[in-house]
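Reviewing the structure listed below.
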């Protein structure tokens, strides 16, 4: 009688496989913790206040804060007032990166936010619900001697969320407000070496444009991007893991197709999980180094969403197939109540992503976080997603408990057998329970990773620039997913061992009567493992 490798492999060999996987898991964490730098970094240049007295402010001239032809600048708005320079003639110019440095495609993306230094004045304070209007123009070039080329231009409105930490008195004039950062734009690729931002704050008293926004002293143009060193480590992991998963996936399915019976649902789902893991592994990001693929962020989110949906569905089906009787199992339609919400949630996440990153493919200045309603909806969406992830984990724990109880109940219904055979089944049950505990640990870390990434993205958009993601957590979780999928396909592949009347996997004998009784009890059910067949045995009361 043949089963899966997890049941027929000797304890010594199984322990060796487990130790090897554990060492690889530790290595995945160490790669991020000891080799890779932190995933993201940022530059924070202070914009130069340039003077532009041309009648047509929207002409093709670009104002540089430094270089061979720097703009004429002022130090403060008081100087502008003394020189009778109007606010409409002042342009905040910022160059990214700082001098003597270059941007690189290895940075993958660039998120730009503004940090305003606003001073309190009794005759010029920030009014409630004030909006700031930004006339933004962005240019790029790949050589310091080239002319600037326009990348994007738009007039955007952003809400000012500022708090004055002291009383509004004459004595506190000049004190700065505590303001949230203002999301400006997001680029899905960093394909050019130099970027130039020219930002104007147009004033129009008749239209109440930029009135009641306080006295702006300085503007910080903060650029957040992926660390190039982390990108190299990430690409290297993907390049190494992709062929490993493809090879084990082909080997697994070849063994399945060599069997006389057709594959059962559990085996198909394991194979589908391998496909989704391969989809997220394939390092197509290498092409983003040479091509300006601005859609890579959206494509990466879609790949990760497909894998999440497949992984969560697999855990539900994996537990369910070890709970149901043979008459109910092996049909995907049975799981519509559990898999349906996962599919619906994945579609909601896709729509949410398309509403921001999809629109940003045409308008990089668009952000759902720029309005009160949009920010509240986005934050509520993140909170609900986190709550749903926690509820899913609790439900999975309940299903695992049900599986354990079902296996124990079915085991008690087996006919009396020899001590050696009972020990054999005790060993199988122990191995299965250990795998289920590993599954729960995997699920817990996946939920934590999902919530962490969602909160982190919210912090980027809402202004918490002090957060530092742990590279070891990223590489460790990514390695864990691959090792888990690899282990499933290896351990649940059909074994080539067949045990006759005189042996078992531990070398223990069994009488022909006992073998006949056991065979008629559970082996008429198709399935990858003995425990799978045992769990689906129909009650004979």
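Backbone N, Cα and C atoms are what each Cβ position is placed from, and that goes for glycine too.
The structure displayed is predicted, hence computed values, not measured ones.
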Legend entry - Check: residue 330 and residue 403 same membrane side, Swiss-Prot record: yes
Legend entry - Among ranges 269-289, 353-373, 500-520, whichever one Swiss-Prot labels transmembrane segment: 269-289
Legend entry - Secondary structure tally of the topological domain 'Lumenal' (353-379) (DSSP, helix then strand then coil): 19 helix, 0 strand, 8 coil
Inset, instruction - Examine the transmembrane segment (472-492) against the transmembrane segment (380-400) and state whether at least 3 Cβ pairs sit under 8 A, considering only residue pairs 6 or more apart. - result: no
Inset, instruction - Pull the DSSP breakdown for the topological domain 'Cytoplasmic' (1-15) and write it out as helix, strand, coil residue counts. - result: 9 helix, 1 strand, 5 coil
Inset, instruction - Run through the topological domain 'Cytoplasmic' (254-268) and tell me, per DSSP, how many residues are helix, strand and coil. - result: 8 helix, 0 strand, 7 coil
Inset, instruction - Would you report the average pLDDT that the model assigns to the topological domain 'Cytoplasmic' (401-431)? - result: 69
Legend entry - For the topological domain 'Lumenal' (353-379), distant same-chain residues with Cβ under 8 A (at least six beyond the ends): 136, 152, 154, 156-159, 183-188, 294-295, 297-298, 301-302, 305, 458, 461-462
